[in-house]
Structure formats: structure tokens, C-alpha cells
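Trainee: So Swiss-Prot has the following annotated:
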ACT_SITE  ASP229  active site, proton acceptor
BINDING   HIS365  heme binding site
CARBOHYD  ASN343  N-linked glycosylation site
CARBOHYD  ASN383  N-linked glycosylation site
CARBOHYD  ASN410  N-linked glycosylation site
CARBOHYD  ASN476  N-linked glycosylation site
SIGNAL    1-22  signal peptide
Amino acid sequence: MRLSPVFVALLSGLLAADLGLARSVAPRVADSPAAVTGTRKTSLLKNVAGLPPVPSAAQVAATSLNTDDIQGDILVGMHKQKQLFYFFAINDPATFKTHLASDIAPVVASVTQLSNVATQPLVALNIAFSNTGLLALGVTDNLGDSLFANGQAKDATSFKESTSSWVPQFAGTGIHGVIILASDTTDLIDQQVASIESTFGSSISKLYSLSASIRPGNEAGHEMFGFLDGIAQPAINGFNTPLPGQNIVDAGVIITGATNDPITRPSWAVGGSFLAFRQLEQLVPEFNKYLLDNAPAGSGSLQARADLLGARMVGRWKSGAPIDLTPTADDPALGADAQRNNNFTYSHAGFDLGSDQSHCPFSAHIRKTRPRADLGGSLTPPNLSAGANSIMRSGIPYGPEVTSAESASNTTTQERGLAFVAYQAQLSQGFHFLQQTWADNANFPPGKTPATVGLDPIIGQNNGQPRVVNGLLPSNSSASLSIPQFVVSHGGEYFFSPPISAIGGRLSA
């Protein structure tokens, strides 16, 4: 006998309640006209060797977090295969609220649903709102985040960034929200978009959209420059099973109103997270040419020496192997091993942490954005320093692979890059802090010799001017390089990803 999905969902809810596992939000079934319905046989998420795995159903069952009420993208991380970011404006708040409550809230994918293939939808739908979007809905509550309230365009100067290169729709506060769709095929996402647009009708207008996809074949999990991305995700205390060297943070660092969130939130906003979205173009052919032109002297082929320079700029080889553990040559087996590839602190016996750059430059991207022992934390993993400045990354590459013509001319002709997504409970301690206080700060990490470290060679910004970076050449750590901007921001927005109960509750009232 074949049981219907509705019966299975109801039976699961009854069993969970009987076992004491029920959360505050009742099981939901995808009977909304806004949903693309069907039975999923394979996961819409992809585990990649070397990255922290997708949260399991067992972890979800054991946690005290209300994972039925937390939108799935917040804690799933960088595991989506296909994704669409649909940015919209609200034209008719009353009609929008009606459909938000009746058609969208019932099908928003939770962490619980995404942890098990049996409960995953064909298309995972999440939704988040800008401050102007909340105001359009009549929600004036103070969420306790001034950066969110002001919007990302007003924050651009903090990052030494001009909005002249931004997508026009981001250069203001006109975007009210973003619907995030994830699946394993573009066709399913297209069907979901058609359903959403039919449901909302003229109550919303699409302002902009960005399609994104995991890279093909062996490049799955790698960003457009070719480096395995997302290894250093934090582990949430009481939810994730920490990997060796993984930063362990309280849930309140990522989830509003959770353990050790220092800000008092409106009751309806407990269980949400602030979403920083950035469209970051990557000039891959130009980046590769720069590495060849500036490859350090030494033995080995020109390409091998160029790869070494790239690894020292990032802090990892393309495989994900950290140069702090393998400073002169890639070790793909290490890169693919999540039990080893994050288990380091930058401290080495017999080497001075304040002056040694033979293992890893002070300016390397991953050292700038997670300094480990540089901030005086434990010299033994896991290093808990800077836990309050952790973010949960959930981005994905966008755009086509580099063409042979682009490689031959060393010139980008088709846009590609990273749809950067970061979740945190405080933007001022998360994304904003990492970019402004660490990546864009030439004197960070502190207490080093020489004191001027230089900007983050990957994401550091200098108002469009060349960035001076020190310590990248292994034979001369005092030498500096002037590095063009190979990651170009096309802007973004700050959103609040509310708890699911608020989507059909406070935001629809």
C-alpha cells in the first residue's frame, strides 16, 4: 500500500509528539498552489568531500533549537545544487499578506525538512525581507540592528566601495524582499517561479533575479577561482557535531534570540537571522594571468609557482588543503579530509607567531577572516577566539565556466562570481565586521612584524585602487605586491530571514 504524502506528514507529527520530539510549529504539508509538488527520491543538497556535511536528521532530532521554525538555508550551508535569488517589491501589501499567510508560509522549507531526503520538497523555498519590506508590511518593530535598518547601500562607504559598479536595483532601498529557491534542476526552479508569480499576481513586482549553480564535475564545492569553499563554517554548540579545528559558537551568534544573543528581540523575531547578500563578480582570467606574471622565483614549473602564489593569497591550495599545514605543495588528500583540513591554528613550535610567514602569510584571506591564534586564543584546536564574529555562509557560484577564448585572451567577457550569502544574529559583528575591521584593515592581524600586513588579497577593498599586500612571496616576506581588484562588488542588500511562524503570523497580520 502506498501512503499519501499528507498521511505520512500527519503520522510523523503524531509520532514525534508521542516521543516528546514535537516543536512549537505543527507539521506542514505542501498543499499550497504556490508549491511545486511531488515526491523527491534524491537529495536536493550535495555533500562535498572536505566540507562540513549537511546537518543530519539525528542532529535535528537531538537539538534544543526549534528547527521546525528556522528557515532551512540559515543552517544548511553551502550545499545547494541549483539556486535562484528572486528580488521583489511589494505593490499591494494587503493582497501580498493574504497570499504570504495562506500560500507561502505553509511551504517555506525548514531546517528539519531539509535534513532528511524523505521530507525535502522538490524546490526548497525561503523568504527574507529588507527593512523597507517590513515597513511596507506595517512592521515597525525595532529588530536591534541599525545596519539592517539603514540598508546595505548606505553601508557601501564603510567597505571603501562605490555603488557605481552595483546592480542598479541594489543601489537604494527599493528591494523589499528576496525569495530563495533551491533544487537540483533549473526546470523545477522555473516551475516554482511561475507558481509564485501566479499566486502573488500584481501584488509584487520582480525587480531582479540571479541564477546560481554548483560548479560541474570535480569543481563541485569550489568557487570560480578554483578553491574549495566553505571549509571553515562554524559549528553551532548543541546542534552540529564539531569537526577537528572547527570554530564552536553559541546559537545566538547566528540565530536571533537564541543562546547568548545579547540583543533583546521582539518575540516574533526569535528564531530568525540577518542575511547579508552580495553579488561578487570574479575576474578569473585576469586573476590567473596575474598569478603567472607574479609567480615567485624558485624551482618548479611556472604554473606550479603561480599556484603557490594563489595558495598564499587564499591560505589554501585549490584542493582545500591549508598552506599552514602543507606550505610548499598541494596535498589533495588533506584537502578532501574534513577531519584534518581545518585542524590548525597558525602556531608552530619553534616559530614566532608574530613574525613567521613561512607557513601562511598574515594577509592570507582565510587568516584575515578567521585569525585563530593571532587573537590570543588557544594554540590548540578548536580555537574559540573571535567566535562572536562568525558567520554561517550559504553562498553559491553564479555564471558560466571560463571559456577557452577568455583564457586565451586573459580577459573576462561573461560575468561569473559568487552569490555571497551570510547569516548572523548581528550584522555589526558578522559580515560587516569581517569586511571592514579585518579584510579592509592593512594592520590586521595586530602585533605582527612588520606591523603593516596589507589588505585581504581576495576581498579587501580600497576604493577601486590597487591593494598593497605584504608577505605573499615565500622567499621575501617583507616584499609587497600591488594587487588589482579581482573580486568586484555589484552590491547587495541586508535582509531579515524571519522564523517560519512569523511569516504566517506577525508579517501577515
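Backbone N, Cα and C define each Cβ position, glycine as well.
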Trainee: Going along the chain, which residues six or more apart from the residue listed as 'active site, proton acceptor' have their CB under 8 A from its CB?
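Mentor: Expected: MET78, GLY221, HIS222, GLU223, GLY395, LEU418.
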Trainee: Can you grab the distance from HIS365 (heme binding site) over to ASN343 (N-linked glycosylation site)? Cα atoms, rounded to a whole Å.
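Mentor: Checking the Cα atoms of HIS365 (heme binding site) and ASN343 (N-linked glycosylation site) gives a distance of 17 Å.
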Trainee: Given a 10 Å Cβ-Cβ cut-off, pick out the one of the glycosylation sites ASN343, ASN410 that has the most other Cβ atoms nearby.
Mentor: ASN343
Trainee: What three-state secondary structure does DSSP assign to ASN343 (N-linked glycosylation site)?
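Mentor: DSSP assigns ASN343 (N-linked glycosylation site) to coil.
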Trainee: Could you state the whole-number distance in Å separating the C-alpha atoms of ASN343 (N-linked glycosylation site) and ASN476 (N-linked glycosylation site)?
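Mentor: One finds 27 Å between the Cα atoms of these residues.
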Trainee: In sequence order, which same-chain residues at least six apart have a C-beta under 8 angstroms from ASN476 (N-linked glycosylation site)?
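Mentor: ASN476 (N-linked glycosylation site) has no long-range Cβ partners.
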